Amino acid sequence: MLIVADENIPLLDAFFEGFGEIRRYPGRSMDAASVKEADVLLVRSVTKVDRQLLEGSRVRFVGTCTIGTDHLDLDYFAEAGIHWSSAPGCNARGVVDYVLGSLLTLADLDGAALPQRTYGVVGAGEVGGRLVRVLHGMGWKVLVCDPLRQAAEGGDFVSLQTVLEQCDVISLHTPLQQGGEHPTWHLLGQAQLAQLRPGAWLINASRGPVVDNLALRELLLDREDVHAVLDVWEGEPQVDLQLADLCTLATPHIAGYSLDGRQRGTAQIYQALCRFLGEAERVQLQDLLPKPPLAQIEFDGEADLGWALATLCRAVYDPRRDDADFRRSLSDDAAEQRAAFDLLRKQYPPRREIEGLAVRLRGEAPQLVQMVNALGAVVV
């Protein structure tokens, strides 16, 4: 069996060497010649997998180590009898950690009290749903917009218009859909962005085209009160340099790039391939994950809640480092800038998740316990 894989997928040998030969290619440069002889194709979101890539090949299984599937032509897969699998939820926790770190940074700059803000989460799937649970667990006010879930479940969902009108913070976690009943391409365009509340914070860690980047650039030029955090960009790896400069935080599509999340994505695709082939799983992720460099943190029961929240979250992840690295990489030379974007992702340093952290509390601290539990860390 021949497996063709994106060279940046972690743990390829550990999970897949038992199936046969593995050939690695840069994800953005995979072409029909690269995959013609492959039986299995493993990709990330940077590879468009469609008829043009696969027609005439031997590929019968496509695995993407990502939550999103907008880079896969699922209609063609069905027509050609190609089995496929994604990795739902693999990096959800990493994205939540990114959002929390961004909120702390914005609060420092704005002087805003996080518990007193109203949060709007647009898209409540694997990532957005987990963020909603964390924010609710903190006791913060959250409005949720997800028309697909609303249609299926009913429940306490609101419209996008309500989010725009009532929320101080808007965090986007939708898939990218250009058609259908609920398209998300330019979900926030000029008209929607104009309705942002005074002093609003906008976070996009979903897909770049969910926000009209040109309209956002014009808004930020006109309104200094609005803070934008962008991890995803229209046309990436090409980036609108002026928009990046106007953003309060700007990063190169790494919100979900925790070590745990990336390796979890590989594990999920491995499990799917085992099911497809009818083979038993011989490798377990828990045997491959290294121990985190920080395993436990301790607080006094009298610790200030805001300080404890910032200390706990930033002990695991602080987006300001990624923002600084990204800004240093930006270049007026388009080719250099695209290469730097991909290099930052390829060489991204190991980053762990807050759920792997144990917290010891000295004395009675019910509010701290609630906060730690909401974040997903473990009180010991």
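First residue shown is number 1, and so on along the chain.
Glycine is no exception: its Cβ is also placed from the backbone N, Cα and C atoms.
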* Structure fact -> Note: Swiss-Prot has Asp146, Thr174, Ala205, Ser206, Arg207, Asp231 binding NAD(+), and from Gly120, Gly256, Gly261 that site also includes Gly256
* Going by Swiss-Prot, Thr66, Tyr257 bind substrate; tell me which of Ser45, Ser57, Ser85 is listed for that site too. => Ser45
* Asked: Name the residues of the same chain, 6+ apart in sequence, whose Cβ is under 8 Å from the Cβ of Asp231 (NAD(+) binding site)?
  -> Tyr98, Asn204, Ala205, Thr251, Pro252, His253, Ile254, Ala255
* Structure fact -> Min neighbour Cβ count (10 Å) across active-site residues Arg207, His253 flags His253
